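**Student:** For reference, the structure I am asking about is given below.
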């Protein structure tokens, strides 16, 4: 893998809300709109290639917003996709500080296969999920409402109880509803002006390679100790 794994996450304390979605679902745009900052969440020039897990403090160090790597992009090698799936499942099921998941899905193509897999993992971990049907500005009002109703129907078929809303980062529509959901999970009134990027999210170059190497050594050591 070309970036740190979930084993390199900060201490599993406090409360986290994770943002997840396909590589073209508008995840970075949603985070930037929520925080009213253009470049807080950075997109890779090649969708699906960025595997960095970014953490942002929300008010204090015990409340974090987690920007998970995008998934599902066709240009990513199959083996890399498999690695990501293992890492994502481990994080969603075992991360005790994770208070909720915001899942982004393009309103024009809602709930693709891996979106539904993410929802199943969240259900296995008894994790609350709030779905954003992103890019709502791409459809007319009636079509957007139909997409919302159809997605709710699909969730019911899957036996999933998730809250869901329309969202447009471009028009900044749906921000108050999203902030309200996140505030309930954080047990805190969300103030976008206090969301700041944490230093531990900025591993690059040699520092990044060192982190990956240390993670591999720790994993090998753990496997040997278990024998």
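Every residue, even glycine, has its Cβ placed from backbone N, Cα and C.
Pasting the feature list from Swiss-Prot:
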type: BINDING; residues: 21-28, 48-52, 67-70, 134-137, 167-169; note: GTP binding site
type: BINDING; residues: 28, 50; note: Mg(2+) binding site
type: DOMAIN; residues: 13-188; note: domain 'EngB-type G'
**Student:** Measure from the CA atom of residue 21 (GTP binding site) to the CA atom of residue 28 (Mg(2+) binding site) and give the result in Å, rounded to a whole number.
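**Tutor:** A Cα-Cα distance of 10 Å.
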**Student:** Would you identify which of the binding-site residues 21, 69 has the most other C-beta atoms lying within 10 angstroms of its C-beta?
**Tutor:** 21
**Student:** Name the residues of the same chain, 6+ apart in sequence, whose Cβ is under 8 Å from the Cβ of residue 167 (GTP binding site)?
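**Tutor:** Non-local contacts for residue 167 (GTP binding site): 30, 104, 132, 133, 134, 136, 173, 174, 178.
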**Student:** Using a Cβ cut-off under 8 Å and a sequence separation of 6 or more, which residues in the same chain sit near residue 135 (GTP binding site)?
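**Tutor:** Same-chain residues close to residue 135 (GTP binding site) (Cβ under 8 Å, separated by 6 or more) are 26, 106, 107, 108, 168, 169, 170.
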**Student:** Could you check the binding-site residues 24, 28 and say which one's CB has the most other CB atoms within 10 Å?
**Tutor:** 28
**Student:** So how many other Cβ atoms are close to residue 27 (GTP binding site), meaning within 10 Å of its Cβ?
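**Tutor:** Taking all protein chains shown, residue 27 (GTP binding site) has 25 Cβ neighbours within 10 Å.
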